[in-house]
Each structure stands twice: as structure tokens, then as C-alpha cells.
Amino acid sequence: MKLTCVMIVTVLFLTAWTFVTADDSTYGLKNLLPNGRHEMMNPEAPKLNKKDECSAPGAFCLIRPGLCCSEFCFFACF
């Protein structure tokens, strides 16, 4: 019984976390396929887009650590 409750709470937490961290929580999961198709057509697209969207050193990065220009995050970009 306890394990079932823990599993239900965990699934609810992870579902909420997915929508909280999405760029646009109302359509966060809807826009995944068009981006994937664009990246399949041009494999270099994610690398090119990352340069424009990366955070400067000192910016807060705990929620989305992949956006640091230096790719090193410990509460802030280094």
C-alpha cells in the first residue's frame, strides 16, 4: 500500500515537473515533433541554435543546465 502511494505521488510530481519546465506549458509536449523533424533534416541545427540561446557566465542555470555557453553549471553558469 505504501509503495503504491509513493509511486502515485512520484508520477504526479514528475508530470507536474515536465509541464513546469516546458517553455510553454500549455503546448509544451505538442511542439516536440516539429523540432525533431527539423533537426533530422539538418543535424547541425541544434549546434547552431545553441550558440544564440546560451546563457552568459554568472546566469542562473539550475532549472535548465544545458543552456550555459561553457556547458558547466553549478547554480550559475561558469
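Glycine is treated like the rest: Cβ placed from N, Cα and C.
If you check Swiss-Prot, you get these features:
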DISULFID  C54-C69  disulfide bond
DISULFID  C61-C73  disulfide bond
DISULFID  C68-C77  disulfide bond
MOD_RES   P57  4-hydroxyproline
MOD_RES   P65  4-hydroxyproline
SIGNAL    1-22  signal peptide
Request  = Would you identify the secondary structure of C69 (disulfide bond) according to DSSP, in three states?
outcome  = coil
Ask   = Taking Cα atoms as reference points, which of the disulfide-bonded residues C61, C68, C73, C77 is nearest to C54 (disulfide bond)?
value = C68
Candidate disulfide-bonded residues C68, C69, C73, C77, pick with smallest Cα gap to P57 (4-hydroxyproline) = C77
Remark   = Students should find that the Cα atoms of C61 (disulfide bond) and C68 (disulfide bond) sit apart, in Å rounded to an integer, by 7
Query = To the nearest whole angstrom, what is the C-alpha distance linking C77 (disulfide bond) and C69 (disulfide bond)?
reply = 8
